[in-house]
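So the structure is just underneath, and the comments pick up after that.
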Amino acid sequence: MNKILTKINLAPQVYEFIINAPLIAHKCQPGQFVIIRTDANSERLPLTIADFDRISGTITLIVQAVGNSTRYFCDNFQVNDVILDVVGPLGVPSHIENYGTVICVGGGIGVAPVYPIARALKEAGNKVISIIGARNKDLLIFTEKMNNVSDQLIITTDDGSAGIQGFVTDPLRKLLEEGCKPGLVLAIGPVIMMRNVAETTRPFKAPTTASLNTIMVDGTGMCGGCRVKVGDNNMFACVDGPEFDAHLVDFDNLVQRQQMYKTHESLEYGCGGHCKCVEE
Amino acid sequence: MRGGVRNKMPEQPANIRNKNFNEVALGYDLNTAIDEAERCLNCKNPRCVAGCPVNVEIPNFIQALIARDLKKAIDILKNKNSLPAVCGRVCPQESQCEKNCILGIKGDPVAIGRLERFVADFARDKKLDSIQAKPLTTKNKKIAIVGSGPSGLAAAGDLAKLGYAVTIFEALHEPGGVLMYGIPEFRLPKEIVRHEIKQLRDLGVKIEPNIVIGRTFTINDLFNEENFDAVYVGTGAGLPHFMQIEGENLNGVYSANEFLTRVNLMGAYKFPKVATPVFIGKKAAVIGAGNVAMDAARTAKRLGAEQVYIVYRRSEEEMPARKEEIEHAKEEGIELKVLTAPLKITGTPNGWVNGMECCLMQLGEPDQSGRRTPIEIENSTHLLDIDMVIMSIGQGPNPLIKATTPDLAINKRGNIVADEYGQTSIPGVFAGGDIVTGAATVISAMGAGKKAAQAIHQYLTKE
C-alpha cells in the first residue's frame, strides 16, 4: 500500500505521482481528495485526486513543490518509496449530471483536479468547453488529457508563449458575451483565479463552482481549520466541500486564512524538521 | 500518615512544569503506594466498585498490591480495564470510585486512581503486563469497530478475549482517539497510550489506520463487501462547536480540537523538528471552562503565551472541569475571567485577532440542569486585549456516518440512538461512547464499549 509506482516531472517543480492505493481507487469519485503524511515528522497534506484506475488500484496525485513539505516530498520520494499515510477518499464528490454545456476552468496545477471532473461531465453527456491556463507554456500540464475529454479546449498563458495571451477569464468572458449559457462553470486553481472566475460569471448569472484549497489538518471534520464563509454559513471545506457555489464564497477570508503560517513557513529552519540543521 | 489523610502526589513545581511538556504528576513510589493501599478497609461490600463504570475489582487489586504481588494486581486490573495507566491518570475519580469510598465520609477516600496508575506503571516498567499470545477459542465471526478511542478500544479488548476476529478502523494515522489528539502529553504521556494499545494488538486485535468509515467504506460495505458479522460505532464527539460570533474566522482563532490536534497528535510543540506549525499569541483567551479548555490553556502557556485567560460566563463554582485541573491551571499562571461572555472578536486590517469584546454576566435562577443561568449586565461591554482565541465550548457528533447510513436513527442533537446495550436501529450495528451520549468521560465511554461487547456477543451467539 501507498507505494509510488510512477514519478514524472510534468513541469518545473511539478510532479505526477501514481500511487498504489487500492481501497481509495475502489471508492473515489471526481472532486475528492486524499491527505498524505510522508513520514513520521511530516505534516498532513491535502492533495486532490487527479486521476484513478479502479482495476490497477492506483490514484494519481499532482504535487507542486511550493512549500517546505511539498519540496521535501518532491525532492526525496522516488519510485518504489512508500508514503507513510494516505487517507481517503475525502470530501464530497463533484455533482455530475447533464447540464447541457459546461465550462471547466483550470489554472496552474489546478488543471489536474479539473480533469477527472471534466471526464465525468463528458461521460454524463455534457458539451465540455475547457479553458486551461498557466504563466507560460512550460507550466501547462494535462493539455492532452484535457483535450481528450473536451469538445473544445482553450489554452491561455500570461506571457503568450502558448495559446491566447492573457488570463483564463478572458476567453471565459468572451464565451459568455457571445451568448454561451453554461449549466455549470467549474473553476479550480489559485484562489485569485477562482475569485476572478466568480466575478466574471456573476453578471451573467452562470452557475459557478469553485474547489477550495484551504489549510487542513485532519480532513474529516473534527477541527474546523478549513472553515470558510459561504453565504451566511461557516462551512468546513473538508466535509461540506471542497466544492462550493463560487458566488457565495468569501474569497477575501480564504486568502487571509491562507496566510496564517507564513512566518512559520519562512523560518530559518525552513526544512520542517527534515534536515540536519535541527538535529541535536 | 495513617488515618484520614491520603498520600500526596509528587508533582513538578508549577513554575518549571509550565515551560515543558513532561508529565505534571510524577506518581507514587512502591513504599508510598503500599502505605496508601493499607488505608483500604477491604470492605466486604465494596461501594467503590459500583462507582467504577467498568467495575474494576478495586479491593482485590489493592490487597494484591499490599501483598506485593504486582503481577496479580495488574491481572485483576486488566481483567476489567484494558487501559489502567490511562484511567488512573484521567478518570474523574472524585465523582466515581473515590466518591463512594467509605473513608471519604470522615476523611480522604483511598487514592484509588493513583494506586491504579502505580500498578499499571510498575507492571509496564517491569514487563509484568505482557500478554501471552495464547490460542483463543475462535468464534469464526468478524467484528468491525469504527473509531479507536476509549470506547472502541474497550469493546475490542473484550471481544478479542471472547475469541472474535476484531478489526478497528481509525480515520487518523494513529489510534487512540482523544487519548492521542486531545489530552496533552503533560497529563497523559503518549508512550503510555501506545503501550496499552499495543497490548490490544498482542491480544489479536487488528487496527487499520487511515480508513474513514463513511468514505473509504460505508457501514453497509462493512457487512456486504467486507463480510463483518457486527459493527460497533464509537466515533466520539469530534465536531467542534463555534460561537457564531463576529470575527471567528480571523487568523489566530482556533477550535480547541484543532489547537490540541496540532500540538498533541502532530507534535507541533516540537516545531520545526516536526513539520506541523502552530500559532501562539502573546495573550490568549480560551473560551469555556471544561477539561478541554484547561488543557488548551495550559498548552498555550507552555508554548510561550505570556498571558492566558480562561473566559467563562458563569462563576468558578459552575466550571465543568475537574477541580484538580482548575487548580493546576491556576498554579501555572492561567488567569480566570469568570462571569464574562465574548460578544465579538476584533481584528487587524490584515485579518489577525487583536482583541475581544466581552460583557459581564450575573447569575440568575437555576435552569433545568440545575445550573444558574448567566444574564448579561447592562453597559458592561469592555475590550479584552488579546491576540489569540481558542474556542472550547464543546463538541458534537461528526455527521459523516449518519450522512452515509440513512437507516441509522439519530436524535435531534445528531447523536446515534442506541439502547442501554448499544443496539441501534439497525440489527447488528451497535454504538456507544460520546457518539451516543454526547461528550462525556473516557471511562464512561469504556463502560459503554464493554456493555456493547457483551451485547454483540449475545447477538452473535443467539443466531
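Note: Cβ is positioned from N, Cα and C throughout, glycine not excepted.
According to TrEMBL, the domain 'FAD-binding FR-type' annotation covers A:1-96. Taking H, G and I as helix, E and B as strand and the rest as coil, DSSP gives the domain 'FAD-binding FR-type' (A:1-96) the counts 15 helix, 44 strand, 37 coil.
For A:V63 (FAD binding site), other Cβ atoms within 10 Å of its Cβ number 24. Sequence annotations record features per position, and here TrEMBL assigns FAD binding site to A:I62, A:V63, A:Q64.
Taking Cβ-Cβ distances under 8 Å and a sequence separation of 6 or more, the neighbours of A:C223 ([2Fe-2S] cluster binding site) in its chain are A:V217. A coil conformation is recorded for A:C223 ([2Fe-2S] cluster binding site) in the three-state DSSP classification, outside any helix or strand. Taken from TrEMBL, the feature [2Fe-2S] cluster binding site covers A:C223, A:C226, A:C238.
Across the domain 'FAD-binding FR-type' (A:1-96), the model assigns an average pLDDT of 94. For A:I62 (FAD binding site), the same-chain residues lying six or more positions away in sequence with a CB closer than 8 A to its CB are A:L10, A:V14, A:Y15, A:E16, A:F17, A:L47, A:T48, A:A50, A:I109, A:A112, A:P113, A:I141. Of A:I62, A:V63, A:Q64, A:C223, A:C226, A:C238, listed as binding-site residues, those near chain B by the criterion of a Cβ under 8 Å from one of its Cβ atoms are A:C223.
Shown in sequence order, A:V14, A:Y15, A:E16, A:L47, A:L61, A:A65, A:T70, A:C74, A:I109, A:A112 are the same-chain residues outside A:I62, A:V63, A:Q64 whose Cβ sits within 8 Å of the Cβ centre of the FAD site.
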